[in-house]
Structure formats: C-alpha cells, structure tokens
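S.K.: The structure that follows is given in the form of structure tokens.
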C-alpha cells in the first residue's frame, strides 16, 4: 500500500520462492509491503515492513569528472578547471577531491579539504621547476567515484607571452557633436597585461559620459553625447612584464562653427553702398570654414535680404542701399557640418562720408538793448567740408515762424548783432552752419530775452527800522526803494555790525531769500548792541545801503503772559469714559512763557500727551477713565508775570458698586434686602438698581428687579428650605456698574419662637409621696414641632421652682414628694 493510503493491494498469489519483484510502482512515492505464507489448510498471518520504502533508482558513486584543464601556470601555482561527471550516481555531488602527484613519485596526494563545488581551484605554494600531474574525483552521498583522466605533466614556471593588440578602429575618426562613439579591440598576453587609455597624453577618467570597459580579452572606451572638447589623440596601452603595445586614434568631434567675431566694422560708408569687415569664428567646429553668408536689413522692415553666400574673405561690399536709410548687417560662418549663429551689426545710415555741419550748441545772448541783441555761439563740427556761412534766425517767443536776422553772409565770426527788434517783445534766437554740402540742423533756441535797455541798480530801501526784538534776534521792517532801476526787485540783503567793530556781516546770503520788506535777524548775542542796514537787489546788482537810524540793544522785550482759552477750557468739561479729553489754549507773552499743567495741584497722569508750540499748548488724554476726572490747571509764566486758568473735568462713567448690602426679615418664602448708594455715581444720577438672586446649587443668576429706584427690595417667591445668594448693581445713563454680592447664603425658613404655655394643667391622682398630672397642648408651637414638656414643682411658701424632668407626652407622675 502507498504510505498515505490505508488500503492494501495484492501483488501476486502464486509466489513459491522467498523473493518477489513488485512492478508498476510510481517513482518518488513511498510504500509499505506485507507477506503471508499459505498451505493447503489456509493463509497464515502477515509480516509487514517496519518502515516505508521510497521508490527511486539505486544510488551509486558518481562517474569520473570530465574536461580537467590547466588554465594558468606560474612559478608557484597551478589553476585548474573541470566539468561535472555525466552521471552523478543518482545523488547530488557533495564535493570534489583534487589530487596531485609529483613526477617520480608513485602516490597521489589530496591537495585540499575544500569542497570545490565551483569546479575551479588554484594550487598555490608550489616549488618552481617541479613537475606535477593532477586528477579530480566527484563525491556524492554514497562515496567517491572514479578519478578523472590525469593532466599532462605540468612544470611550475611563469608563462610568458608578450602583449598582442587587435584594434577595431582606424587612425582617424570623425564624429558629429552629440553622437556617441566607441574605440574597441582585443588583446592578450601573459601575465595579464594592464590596459591604460590616454587622451593627449592625459589619463582618461570615467564620468557620466565617458565609460571604460575592460575584460580579460577585450577593451572598450565609449563616449556618450560627444562634445567638441572630446577632440584629441587617443592612445590605448597594453602592457605586461614582457613589453607593451600601443594603439592610436585621432578623434575629431565636429560641429557647425561658432559665430564670426564682432563687432562688424564699417570700413566705408556711402549713400548707396558700404564695405564691412569682421573676424573669423573663435571655433571653426573642427572643420575648415568653407564660406560666409552675409545678409542686410532695412531697420524699418523685418525682412533680411541676401547679399552673398560665397565669400571666403572676412570683408564684403554691401551694394544697392537707399540713401538715408539705416541698415543692419548679419554674417554667418559655414563649414561642412552646418551654419553658425549670426553676428549682427549695429545700425548704420547710408550716407556719404561728407555731410552738412552739425547743429551748433545753444547760443548765448549779450548786450541787449530795446532794439538789438548780440548772439554768440561756438563753431560746430563742419561735416568734413569747411563751413562757409552761418545763418542766424529770430522769432518772438509766442510765434511759430523763424525769420532770418540778415540776408548777408556771416563768416568767419561766431557772433552777430541782430538789429530791428521791437521794444518790450520777447525773442529767441538760433544758429545754423552751412558748407558746400548744404545747411545743417539749427541749434537749440537761446534763452528768451526782452528787447529793452539794460536796467540800473535800484535806489536804497526807505525808512528801515527795528520793530521787535528778543534776547537773540531783532525784527526789521522797511519800505521798497523809490526807483527800481527799470528792473524787478529780486529781494533784499540785510547786514549787521556789532557796535565797535568795522566789519559788516550778512544776515542772509541771497536776496531772493528775503523777497518781502521785513526780516528777522537771528543768532545775535544777548546784551550786545548792533547796527543794521538793508540793500535792495535787482538784476543789475545791489543798491546803496539804508541804515537803521539807531543801534539796537539785544534783549528780551517783556510782555506778561496772556491766555486765550479754547472752547474746551470752559469752567466744566464733560467727557464720556473711553473718549479723548482735549484741553488747549493760545498763549502769548515775551519771552514765550513757561507752560505747566497740573491736576489737583499734582503732576498730571503720565498717559497725558502734552504739546507746547510757539503759540499755545494742548493736553490730550486718550481712552479716559473715571479717575481722569478732576480739576486741571494751566499755568504760564515768564519774567513779566504769570497766569493760571482751571477747568473741572468730569469723566462720565458707569457707577461704582452699592454699599452695605444687608438681608433681614427672612421668611420661608421671602426676605428683605437693603443697601446704600455707591460712593461714586460715575458723574451722572443713579437711574435704577438691578437686583439678582441665585440658588447656591445653580450657576445662573436670576433678575428679580431691574427698574427700582429705591435702595431696598422685598425678595418674594422663595422656595422654603433653599439657600440663596443675592447681588445688587447700580445703573446710570452710561451703563451698569459692578455688583455687590452677599457674603454668605441665607436659608428661606420662618423665624422660630418659644411655644405657648400648656393648657388645663390638673392632677388626676394623689398619693402621700407622688402626684399624677395631665394637661393639654398649647395654642401655638412657636414655628417648630414641640419636642417635650418641662415639669417643675414648688413647695408651698417657697420662692424657687425645682425641675423634676422633661417628658414627651401630655402626662407625668411627680414622685419623691
């Protein structure tokens, strides 16, 4: 039966021997077998195999390994390889046994204990000159098989073979930029040669583009996406101890040329043609420049027109130009591999080398009278031909047409007196130069001038006087001069002199800094005495000076302080909390008074911004609070006196908390609250009080009155036995103030009183030492359940009562009498 089945299958019924062959078994499956003997009486018991039997071919030792070869021999080592046996004996090879025999000896000796399953081994540590032969056997689970056939006798000595080199490339190689190329070949030699690649005698190193691949028999240098810099003489060297071989290849990586080198030089320029030149490209792309392509373009058009594409020179004539038009030239270089980027010239106008003169610079006008003016100019560039004439033109400033000043030639002088001007009119002038080519452009117009006689200096100012002074300045005033010299008065120059000095100093540097008839001279020294004088100035110059009659002593002119109050400094100023308080006043006085702000005779709050200018002062408090209210005072003081004004500031705000909140007359459903008004009403009348209550077990306050003007309230509708807190806040027109809260909760229960007296006390029984008493309940229990009755007795005639005991019921027996 199969090991994984339970049913037994009969094999045969007629075996008389003590052995049998079982056919039809499946390789790789496991079986159990059993045998029974049979005679005429019947079948005896079965005998069963003790363990399962796996069906497979019988295992033997492996065949002998094949192809044992000597791969390398040196003076102290031998390298061998072999192939596995054709049949492994039915089991995997577990190891190989390599044996060697020294020639002259009888026995083979095992070389190593290694398993050598990679079928390659190098025997080392041999003696130079000795001769060996080798054989190898395969082992499997059964044992070691037959050895292979022996190698030929091997003598330990270095194998020497000079290098050989067989190249796949020619002496020269041309590659287009961007393409890949490779230099390949085969080589041999013993010992194994070293392979070295050089480019222009420099060792080639690998990178992203350059790849070097060397096997024991082949060599390769590959370059991806070649660039111009890859051009060079490549050399491969194959070298070992016996010699070397070299191979060479001149690689030329070619491309289109770089652009011609600029700038484009215009050697000759005429009205119908030009001659241009340039320099060859810095890089010809590795191939000789075959020709240049030249094109021209009118700068007003977008179209490039061909000139020539056959020239090999670096100069070219550009024909068929239109006079006065501007042109650009562009030049390409071409080789076998393409056309370069262009070199583009600057713009150049087609015109003859000789031209009309340039425009003169702006002319200068001198010696103006009411009917004439002298025009002066500089000689301009003559355009290559001598100037033969100048043309001077005039026009009134508001006119548009220029008129020649004369029909006669003006040459060689560069100035001309223009006659026949109209008095009072404003004129401009311009000049053009002329040569044999023609008349050049006119100059820019001159500055405008009025045709009138030259002006004279003005007369002195009238009646200068000192009108004010301080400890370091003097204010002067005067009237204009009687005669302005036919010219507008530009302004006045003021000078001062310390009494006793000879030198006059200028108070202002230029007349136009003082166009009015007054001036404040500053920077004077207190206590000194000065003289002053004034000059009028027009375009012709300065007038004679006019002197202030008397010297002036520099000191403060005393004026007591004066305050002019602004509207916000009325006697009482109201401002809402959070708004800005502004107090300001205009201040006068000489010298300018010292300014002091105070609140209630103390320094004002640091949050107040105080500003003092030369004409007044301002106090400003932003985001006012109630505490900013009070009496503010402004004091101004100088040596001539002082002045103080006050203003009451009321900051209107919410009121403060009520005071002395008390609770009285607590009942099971009500209590009575009283309080006093807040210390601070916020500057406005208290309009009402807000009363709220809260169950101590609740987080929510409940309003019970929000409009009462009284300072008391009866809190009704309380829940008997519940504990309550109360709070009160005051309100005015600016809002609700903070609450005042009861310190501890109150419990809503009626107040307790002593009960009334029991009723109808009498005895029901009497003995010689005891009395039995009964009575009725009192009319009132005082607000709480009666817990007991106190029984007392008194001996007749005595003053004091004796306590007997407290009983819970309405009867008692008094004993011990």
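Cβ from N, Cα, C; glycine included.
Given the structure is predicted, the values throughout are model-derived calculations rather than measurements.
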S.K.: For the feature region 'Disordered' as recorded in TrEMBL, pick the matching range from 455-481, 482-508, 509-535.
M.R.: 455-481
S.K.: Average the pLDDT scores across the domain 'Fibronectin type-III' (64-159) and report the rounded value.
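M.R.: Summing pLDDT over the domain 'Fibronectin type-III' (64-159) and dividing by its length gives 88.
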S.K.: Counting only residues 6+ away from its ends, which parts of the chain sit with a Cβ under 8 Å from the region 'Disordered' (455-481)?
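M.R.: Long-range Cβ neighbours of the region 'Disordered' (455-481): 487, 489, 492, 494, 496, 517-526, 530, 532-549, 552, 554-557, 590-591.
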S.K.: Provide the three-state DSSP residue tally for the domain 'Fibronectin type-III' (64-159): helix first, then strand, then coil.
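M.R.: Tallied per class, the domain 'Fibronectin type-III' (64-159) gives 0 helix, 47 strand, 49 coil.
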S.K.: Rank 163-252, 561-646, 657-751, 757-817 by Cβ pairs under 8 Å to the domain 'Fibronectin type-III' (259-353) and hand me the top one.
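M.R.: Top-ranked stretch among 163-252, 561-646, 657-751, 757-817: 163-252.
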S.K.: What does DSSP give as the helix, strand and coil breakdown of the domain 'Fibronectin type-III' (359-454)?
M.R.: 0 helix, 34 strand, 62 coil
